[in-house]
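If you check TrEMBL, you get these features:
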DOMAIN    33-170  domain 'Nucleoside diphosphate kinase-like'
BINDING   Lys41, Phe89, Arg117, Thr123, Arg134, Asn144  ATP binding site
ACT_SITE  His147  active site, pros-phosphohistidine intermediate
Amino acid sequence: MGPKKRSQRDLHKLEDLVVKHARIGESGWTGVNERTFIAVKPDGVQRKLVGEIVRRFEKKGFKLVGLKLIQASEDLLREHYWDLRSKPFFSGLITYMSSGPVVAMVWQGLDVVKTARKMLGETNPSDSLPGTIRGDYCVEVGRNVIHGSDSVVSAQKEISLWFRQNELQCWEDSSSHWIYN
């Protein structure tokens, strides 16, 4: 028997690992290169809120560097929400998040993680101010339309979980000189 043949998935994982290590210093994950992971949940997709959410991030001045519509597997969702595994709502959350397509996005810009969290509003929509995404479009915590990374470290983990490096675009935004000094 010869050496074990690598699967296509194994090759993608290896490619991602090599590219991530080669490019992590390039973007730096700080300043105007900071990135965050945003996911429009199945209720937001079904309610056709994707365009409005993208519009808000673009109008704020953030740059979209990754976007895909995905039917998330339960394995992906379990890994994404691993820190909530001991909560009583965990299995319901996995069922809900796998019940329909999710729009996964990566946004880039100055303080994008912190600013995006403010744009989203509180996890519980009743605590969210009008003008925030959840304040404007949500009623119940179990259907709160959107997920956003809560820290730069979480963003790095979530982005690498949902996207391969070659799915993220590095491009020059012609409006950046109007947004940043």
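Just so you know, glycine gets a Cβ as well, placed from its N, Cα and C.
Automatic prediction, not curation, is the source of TrEMBL annotations.
The DSSP breakdown of the domain 'Nucleoside diphosphate kinase-like' (33-170), given as helix, strand and coil counts, is 69 helix, 26 strand, 43 coil. With the fewest other C-beta atoms within 10 Å around its C-beta, Thr123 stands out among the binding-site residues Thr123, Asn144.
Largest Cα-to-Cα span within the ATP-binding set Lys41, Phe89, Arg117, Thr123, Arg134, Asn144: 22 Å.
Over the domain 'Nucleoside diphosphate kinase-like' (33-170) the predicted model carries a mean pLDDT of 97. For the pair His147 (active site, pros-phosphohistidine intermediate) and Lys41 (ATP binding site), the Cα-Cα distance reads 7 Å.
The recorded positions under consideration are Lys41, Arg117, Arg134, His147. Their Cβ neighbour counts within 10 Å are lowest for Arg117.
The number of other CB atoms found within 10 A of the CB of Phe89 (ATP binding site), across every protein chain shown, is 12.
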